[in-house]
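J.: I'd like to ask some things about the structure below.
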């Protein structure tokens, strides 16, 4: 696969006949570029495609173009009128179309972005703020999934969602699962490039820890698999973040065993019920040391009106087993929570996906909702940040955190426990380095609606909360999760040679010492920095 054969050229007559049947050229500089790109695509692929279903421009039909652009973009903050828009959008329907896209973009010197599910926190998969003009390669039509229960594996294309993958696994077996994220609308292509954690992480590690093979298009338009790309590049794409080394076409993943019966629960406590922080402090002490089968997160939200606002803590758990065994574990290790049999709900693994996703639970939607690529929280404007705690946060620190939370109405903080399998995998196994010694990960999240008159006030607040937490989290470097991308940490400037110096700071936040190896691999496989964005891995300075 490493040495792709030259693709046959379609005759000029057939190219232009097909082209003009779907597209009318307007003599402007932008459409001239579109014209050149389309003709180049046809010359470099032998798999036909129709322009009206794959190629979208504001000149042809502005409303359809906008609909396609916004279709999977999850952060509305990057769809405002002032944000740059792609000159056109191309939706490949075959892997050779992706190869041709790379070849033609390189030949015509077109900067592009690649989107699978549109969940990038800072929108870099569909917006370029540093290089304009740009175009968008949207992989949403590449979503085939082939599950092989006998081989305990599956091939899944980059445009498929996590929800679709889970559904197709459950369709074949009730005893198999996969340890990826909890939100069903996540695009599998980009999700795994950042590591990808979920409710099975303490038992089986990350999604990226369970990748067996991959197909990728490199900077020369070649189609590579694990054998032809080599182990260095295969290492880099499993957690080194997307948009740096090539375009992921598909992953071969390892399925993991799950029991026929899982148990889930939610126990909610208000600040008034845990004013001394006895329960929360105990969670900090034991959450990463519980049995590997138990995954117990804490969600902090603000409830009540102005006169009666309080912080609510929802302890949301999943146990790989029946509720009787879970009750024994909780009575032994975390009696302070007060879990009861009534709190526990037994269900299948696929039903637990619906439960953990945040969809309504009374009644829950049918599992077919996983095929609809719907986000349970909808599409909102938001800003997110992340941290890693290496030790329990003292009561004084918790008091200050709660005080900051009460300043807002739509604030969300999530604590995710580590330990288990995460402790057993070395930091350098893949680029994702947050392993042994991590008690829990923290996500800070603030959303708002399009009617918000002062969005800058919301982003200012989350930055203040992040600043307040500084003494209580990791340092030197202050670690961050790359799938919760945060441009506050720093960003590249155009295609500048100075990017490496500045990137060492945010690179250490995301990857610790693994950043240096990522840069060496990037410099080898993409020396011209063809694949780039605001936080892509830079090349070594010449």
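For all residues, glycine too, the Cβ spot is worked out from N, Cα and C.
In case it helps, Swiss-Prot gives these features for our protein:
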type: SIGNAL; residues: 1-30; note: signal peptide
type: DISULFID; residues: 40-104; note: disulfide bond
type: CARBOHYD; residues: 61; note: N-linked glycosylation site
type: DOMAIN; residues: 82-258; note: domain 'FAD-binding PCMH-type'
type: MOD_RES; residues: 119; note: pros-8alpha-FAD histidine
type: CARBOHYD; residues: 308; note: N-linked glycosylation site
type: CARBOHYD; residues: 436; note: N-linked glycosylation site
J.: Tell me the Cβ neighbour count for residue 40 (disulfide bond), meaning other Cβ atoms within 10 Å of its Cβ, over all protein chains shown.
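T.: Its Cβ has 18 other Cβ atoms within 10 Å.
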J.: Given a separation of at least six residues and a C-beta threshold under 8 Å, show me what packs close to residue 119 (pros-8alpha-FAD histidine) in the same chain.
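T.: Expected: 74, 183, 185, 186, 187, 190, 191.
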J.: With residue 104 (disulfide bond) as the reference Cα, tell me which of the glycosylation sites 61, 308, 436 is the closest one.
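T.: Result for residue 104 (disulfide bond): the nearest of the glycosylation sites is 61.
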J.: Would you mind listing, in sequence order, the residues at least six apart from residue 436 (N-linked glycosylation site) in the same chain with a Cβ closer than 8 Å to its Cβ?
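T.: 422, 423, 424, 427 - these are the non-local Cβ neighbours of residue 436 (N-linked glycosylation site), listed in sequence order.
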J.: Using a 10 Å radius around each Cβ and all protein chains in view, which of these glycosylation sites has the most neighbours: 61, 308?
T.: 61
J.: Within 10 Å of the Cβ of residue 104 (disulfide bond), how many other Cβ atoms are there?
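T.: Residue 104 (disulfide bond) is surrounded by 23 other Cβ atoms within 10 Å.
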J.: Rounded to a whole number, how many Å is the Cα of residue 40 (disulfide bond) away from the Cα of residue 308 (N-linked glycosylation site)?
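T.: Pair distance, Cα basis, whole Å: 63 Å.
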J.: For the domain 'FAD-binding PCMH-type' (82-258), report the average pLDDT of the model, please.
T.: 98
